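What Swiss-Prot lists as transmembrane segment is 19-39, 42-62, 93-113, 114-134, 136-156, 158-178, 210-230, 233-253, 264-284, and the listing cites sequence analysis.
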């Protein structure tokens, strides 16, 4: 394999841009920490951290495969490996299978409940990239896909699923819809031209308000979750920081400009980090 080909595979998996993996990692850590009520089992932690990066990479590959005929028409994606001809469609599919199988082999080291839940996760990861052709709500499907690590991680740590799991699932789904709508705002003009659907297009002039409502709902449910689990003061400091970051994101997207909207999307990494730190300090 040449250096150019290796670099193309690396870029296809977004290993050069790990923001997506980090946004998937934070809620996974929330679930592990809360299920353990402290530090999770080291083996489970290692499996899920590796699994997050493998499945996020698999999701990026199948997403680019699904979009291979349209990415060349979008300014932000025109130089990705598939539209640039650096990786073939067949090679991308083979890479997706390799990554998905590797993730599944990791899951096989977990308990039966986690293994059963993983089949839904794989299905969501495969289906999501194709949704933008059929519905204006692909961000909702992404929210489900990015949140499915929560019941899986909880099941792996506790071997059961409690009602709090599904509250956390809903919290992350709402947050995901909010930040992926910010991401979709970057490409909205191009997407309208080529017929790609998104919540950014669906929400139209209400986009900023709806993102704000989703962020408010996320924080409100996080407060309710903290009260239900009797989490400590550190948790609420984490939520306060997250609230400040959400306010900053609203400032960034106020004019709907491409780069500030993208910066708002990236800023969500710090939201996830703040909440994770709050949970960790509260349960440790």
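Heads up, the Cβ atoms here are built off N, Cα and C, so glycines get one too.
The shown structure was predicted, so the numbers you read here are calculated from the model rather than taken from an experiment.
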Per the Cβ filter (under 8 Å) with a sequence gap of at least 6 from its ends, the transmembrane segment (42-62) is approached by 12-15, 18, 20-21, 24-25, 28, 32, 92, 95-96, 99-100, 102-103, 106-107, 109-110, 121, 125-126, 128-129, 145, 149, 152-153, 156-157
Would you say the transmembrane segment (19-39) and the transmembrane segment (93-113) are in contact under the rule of three or more C-beta pairs closer than 8 Å, pairs 6 or more apart in sequence?
no
Short question: which residues 6 or more past the ends of the transmembrane segment (233-253) have a Cβ under 8 Å from it?
182, 185, 207-208, 211-212, 215, 219, 222-223, 226, 260-261, 263-264, 267-268, 270-271, 274-279, 281-282
At least three Cβ pairs under 8 Å linking the transmembrane segment (264-284) and the transmembrane segment (136-156), pairs spaced 6 or more in sequence?
no
